[in-house]
Amino acid sequence: MSIRYIDEIENLSGKKLFMRVDFNVPLDDHQNITEDTRIRAVLPSINYALDQKAKIILASHLGRPKGERKEKYSMAPAAKRLSRLLGKEVKLASDCIGDEVKAMINAMQPGDVIMLENVRFYAGEEKNDADFAKALANDCDVYVNDAFAVSHRAHASVEAITNCFPVVAAGFLMKNEMNYFEKAMKNPIRPLVAILGGAKVSGKIEVLENLCDKVDKIIIGGGMAFTFLKGMGYNVGKSLVEDNLIDTAMKTYEKARAQGVKFYLPVDCVVADQFNPAAETKVCPIQEIPEGWMALDVGPATVTLFTEALQNAKTIVWNGPMGVFEMDAFSRGTFAMVSAVANSYALTIVGGGDTDVAVHRAGEYAKISYISTGGGAFLELLEGKKLPGIKVLEDKGHQ
């Protein structure tokens, strides 16, 4: 089965359209949204539904309230920001289920938009509970999932709820995410280069194993590189190493090499005597990391090596920073890679989370072909997994 998209649904006029979005946005201490990319990302789907004169009911989670109502996790800031972006009122419901919500939905006019309260205020959401899903559906007519970033979760508003609707579809954000992923992984223009960074190998080992069969080059930076380097016999001082994964990392490295994949690791690094922005730092080759010091960024020779490895790339997929870029002293490697990726002639796809933050901080996001809104979901696709939220859309797509 293939996924049906929102623009393939016949006659949305007057229909109650339930749309799962991901407005899990960062807030400051005063409940102000500090970054609204995820809200802006679903505007095309919302505007399309408005043009079709649908009644739009939006559902999302925010944070981890763990099945309890906590005001600091209210969807109020998101509803307010969306009102501003749409230039029209978005009413916030007092809850996401119940008679009061149902009455509010039944009173809607075509072109109205309602934001339901946080679906994770109920434990049934994360348990994928069928009864909660039925209550959440609120007798709506059509279900649209435009929340790629939570589609790796088998939660009630993502998976179980699809059984409550005769028509289910994906929104335009989901379409973009899937299209770009297929361009990178299903039929890429080669050479295809994967850049993986971040602190730990444990979060990326399945990704690496899957990528060995698909890519031409793998570049490894960040803390995860030091598990590989220790496995190769280097003394890495107090750098982050997952000793229990050294054997697995080395097997993956050997598998990549055996399949003709070029595998790049740091040749120098920025080391510090402590994990602190004010630490004493120096640049040294991988062979000369001082005892008791830790590597917190890749060094200039590594940046040159990695940049050269990207020279002939036609497709680049990147997930994970090169160092602890939140601290200025250890941010150069990540920002140099942002520049190299942004200025390459390749199709460039950046996976959400920290890498997304780095690209925005560097002011280079306009030069990246596509920035995914999903961190965990993007990684699970890279692992070769079927995401629960996407699988149900495929199964029920054009029934």
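Residue positions begin at 1 at the first shown residue.
From the backbone N, Cα and C atoms, a Cβ is placed for every residue, glycine too.
Taken from Swiss-Prot as is:
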- ASP22, PHE23, ASN24, ARG38, HIS61, LEU62, GLY63, ARG64, ARG120, ARG153: substrate binding site (BINDING)
- LYS204, GLU326, GLY352, GLY353, ASP354, THR355: ATP binding site (BINDING)
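Structure with Swiss-Prot features highlighted.
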| residue | record | contacts (Cβ under 8 Å, 6+ apart) |
| --- | --- | --- |
| ASP22 | substrate binding site | ARG38, VAL42, SER60, HIS61, ALA147, PHE148, ALA149, VAL150, THR373 |
| ASN24 | substrate binding site | ARG38, SER60, HIS61, LEU62, GLY63, ALA149, VAL150 |
| ARG120 | substrate binding site | HIS61, LEU62, GLY63, ARG64, PRO65, LYS66, GLY67, TYR73, GLU126 |
| LYS204 | ATP binding site | LEU196, GLY198, MET224, ASN319, GLY320, LEU379 |
| GLU326 | ATP binding site | none |
| GLY353 | ATP binding site | ASN319, GLY320, GLY375 |
| ASP354 | ATP binding site | GLY198, GLY320, PRO321, PHE325 |
| THR355 | ATP binding site | GLY197, TRP318, ASN319, GLY320, PRO321 |
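A simple Cβ count within 10 Å picks out one of the binding-site residues HIS61, GLY63 as the most packed, and that one is HIS61. Annotation note: ASP354 (ATP binding site) sits in a helical segment as assigned by DSSP. Those residues noted as binding substrate (ASP22, PHE23, ASN24, ARG38, HIS61, LEU62, GLY63, ARG64, ARG120, ARG153) have their most widely separated CA atoms at a distance of 18 Å.
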